[in-house]
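Taken straight from Swiss-Prot:
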type	residues	note
MOD_RES	M1	N-acetylmethionine
DOMAIN	17-154	domain 'MPN'
Amino acid sequence: MDVIKTQQISARTIEKVVVHPLVLLSIVDHYNRVAKDSSKRVVGVLLGSSSRGVVDVTNSYAVPFEEDDKDPSIWFLDHNYHESMFHMFKRINAKEHVVGWYSTGPKLRENDLDVHALFNGYVPNPVLVIIDVQPKELGIPTKAYYAVEEVKENATQKSQKVFVHVSTEIAAHEVEEIGVEHLLRDVKDTTISTLATEVTAKLTALKGLDARLREIRSYLDLVIEGKLPLNHEILYHLQDVFNLLPNLNVNELVKAFSVKTNDMMLVIYLSSLIRSVIALHNLINNKLLNKEHEKAEDSKPVAIPATS
């Protein structure tokens, strides 16, 4: 049965969530203090502002949270602690408001909608940001969601809330950029060449593409097996992606790829050859310099101690 989203929690749709580095550092510190080396997750409150569909997350704080691993419906979040912390943060910066909550997931869980409903009492349309504190691949370790109402086509069943994914990005003010650069100063390796950086970036992009393709394949397999309902909207998006793929059977395109690959291999070969010649040249110079030092040491007069 087809499902159509007909009503959202707020009149304005969230288009993007911007997370600041201070928030990421605070969440990682929270995880390391509470749930490191365990399967538990940590939960906290996100502070910031929202304007024209963009949620700007500038600060956060942790809240006590417990849940039953066997029964997801059993969980506890300390309301009093949250309200006390928010009042203290409000004194420091009155412009920051509750915009949602965070979790170290690393994926959505069954009781997330219940926790999300709790934050509806503090903000009309809260966002959920899941932070992967132990990412397996490079990239942005954040995923953001907001809730919408969903009803069946025949309207015989009650509407239910579901999460909708929204794009995220990492951004910082000038002061934050200076602090982040200071923290990463000892991490950066200045000896890495630009070519190596570009190759690493392309490799990361290919790994990300491979992961997305695997997710698509897994989703389609679940739909075929009947474990997930058929969603025409997702299939339309997939069809649009496949329609954008180029026809790789064209002779001109195959020839162009071959020429491009041969040119790149030639550049790599010449680079390796030049690097070897330079290394050999430096080795010869080092040998000659050592011989000159040895000759200079041998030509020095040896001091003979005077006899009494």
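Just so it is clear, glycine is given a Cβ too, placed from its N, Cα and C backbone atoms.
Keep in mind it's a predicted model, so treat the numbers as computed, not measured.
Per-residue pLDDT, averaged along the domain 'MPN' (17-154), amounts to 90 for this model. Taken residue by residue, the domain 'MPN' (17-154) breaks down under DSSP into 36 helix, 50 strand, 52 coil.
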